[in-house]
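According to Swiss-Prot:
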- His33: site 'Important for tRNA non-discrimination' (SITE)
- Glu175, Arg221, His455, Arg495: L-aspartate binding site (BINDING)
- 199-202: region 'Aspartate' (REGION)
- Arg221, Asp222, Glu223, Glu488, Gly540, Ile541, Asp542, Arg543: ATP binding site (BINDING)
Amino acid sequence: MHAFRSHTCAELNKSHVGETVRLSGWVHRVRDHGGLLFIDLRDHYGVTQVMADPDSPVFAEIEKVRSEWCIRIDGEVKARDESLVNAKIPTGEIEVFIRDIEVLGKSEELPLMVFGEQEYPEETRLRYRYLDLRREKMQRNMVLRSNMIRSIRNRMWDQGFNEYQTPIITASSPEGARDFLVPSRLHPGKFYALPQAPQQFKQLMMVSGFDKYFQIAPCFRDEDPRADRSPTDFYQLDMEMSFVTQQDVFDTIAPVIAGVFEEFGQGRKVDAPNEWPQISYKDAALWYGSDKPDLRNPIKMQVVSEHFRGSGFAIFAKLLEQEGTEIRAIPAPTGGSRKFCDRMNAFAQKEGLPGMGYIFWREGADGMEAAGPLAKNIGPERTEAIRQQLGLGVGDAAFFLGGKPKTFEAVAGRARNVIGEELNLTDKDRFAFAWIVDFPIYEKDEETGKIDFEHNPFSMPQGGMDALNGDPLDVRGNQYDLACNGYELVSGAIRNHKPEIMFKAFEIAGYGKEEVEKRFGGMVNAFQYGAPPHGGCAAGIDRMVMLLADEANIREVIMFPMNQRAEDLMMAAPSEPMSEQLMELGLRVIPQDD
């Protein structure tokens, strides 16, 4: 017999009755039933009930066992009485009578319980992550992650992609976030950087003649944490292809993403990839107040400025006299009560706005009537025109925000999400995907008038050089994101592979040729030797697992995550270096004032 186990703790059933077996695992819980000791023995695969009575030669040793001790037992498999069968677990028809026991590892008093559903502070969970990971939900999440990555690899290989690895130590190349710098011992005063993404390397692969690349790539960014973002590192499905159009990239990655969500989505609806809408960045902001809209929510915002221009509602009427302003409506089907409207108005105030105007429609003495402060101020004719435009009726409401879109759009988008949630309009059993396209490359600083990059400067401008010779604010990039349920899941672009167009694109934003060559010299030089048209994208592994596991926090699907302050409480990182290390690197730490 094997030194530690003949079977796992999920393997035994009635067919093993009468056999002598060996199991190893952790004591999930201990129960004393009138002198009989029952232990739920747990390993990675499941739980088996083992037991001993006072006549057992090792009963005294078994009495000493406590939760989360690691033990090995030998015993005989016996069938449970019919009334004691536990149909919820694979081993529920049997139990093992212990004949021998060995304690493989004792446990101190537990700072958090593995058994049960009790919640613990995140600080405790991360400090004792090895205990937290023993819990069933966490084991399930990590196995899901492993299986999902395996499925992704298989799907990419099936499409003719090859997996190649890119460097983990490279040059600093600002890509929208801060770099993690690594000092060089051999070159004092100089630094490497951990890559924010394999972006330049994968493009250089295309220049090198490789046609289809992918990688499950680690990425390192010194970012502020969010619930859906790790503050230090994350993994992405990174891919690139030569001689492709934007639609080719969509047709390649969409079946991979859809297939993974169908395989691991536990029956939730996944729209067919050919049904995923392509929404312009401009329309996404207009309709949903976000470039990563949650399309499970059917609410679509609309511009209703004309109904308020010159109206009796002075706030909006005067606002519309200013250049670049508009009034936007958020329809709220079934939200037609004053209580709900007041609640949403309070939401807007918490978001930093003065409030949110509203109208709701109800049954009156003479039929349907509009109610709310706005309805009184603008009159029945304008109110009716708004209702008809929005397609609303009795029991419905509409909320209104105004100003320059950039000042209220994000809040409007969040309000749309809250309305969808509170009115049960958002379909929880669906993964709703949408391609966001036609991103503007440039934006103008309203105070300085300076033109700068708004989005990826390395995407090929739609229209090429001709577009760059026109109004920069009209230039759209061959850039795209894939949104799912309110999260950005994929981001990519058709790349700018022509040096002269790249130099021109950066020149518009105030970057000279020398600066571009200094910062991106490796890639720019390579493009002078016959670079092919190429494009690709990257999909966030952590976010995909988070959605599939139905978790709200990304740390629930990362094995050993940092906390919100970018600290590893378990490994005590970051830590102060030893003086010898600093001397070897030629570095000195300058004390910071508190």
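Each residue's number is its place along the chain shown, starting with 1.
Heads up, the Cβ atoms here are built off N, Cα and C, so glycines get one too.
Predicted, not measured: the structure shown is a model, and the values here were computed from it.
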Practice problem: Tally the residues of the region 'Aspartate' (199-202) by DSSP class, grouping H, G and I as helix, E and B as strand, and everything else as coil. | Solution: 4 helix, 0 strand, 0 coil
Exercise. List the same-chain residues at least 6 positions away in sequence whose Cβ sits under 8 Å from the Cβ of His33 (site 'Important for tRNA non-discrimination'), in sequence order, or say none.
Key: none
Exercise. Measure from the CA atom of His455 (L-aspartate binding site) to the CA atom of Glu488 (ATP binding site) and give the result in Å, rounded to a whole number.
Key: 14
Quiz item: Which three-state DSSP class does Glu488 (ATP binding site) fall into?
Solution: strand
Quiz prompt | Gly540 (ATP binding site) versus binding-site residues Arg221, His455, Arg495 - nearest by Cα | solution = Arg221
Self-check item: Local backbone state of Ile541 (ATP binding site), from DSSP in three classes
Solution: helix
Quiz item: Along the region 'Aspartate' (199-202), what average pLDDT does this model show?
Solution: 94
Exercise. Would you work out the biggest C-alpha to C-alpha distance among Arg221, Asp222, Glu223, Glu488, Gly540, Ile541, Asp542, Arg543, the residues that bind ATP according to the record, and give it in angstrom as a whole number?
Key: 19
Self-check item: Distant-in-sequence Cβ neighbours of His455 (L-aspartate binding site), under 8 Å, six or more positions away
Solution: Phe439, Pro440, Ile441, Gly477, Gln479
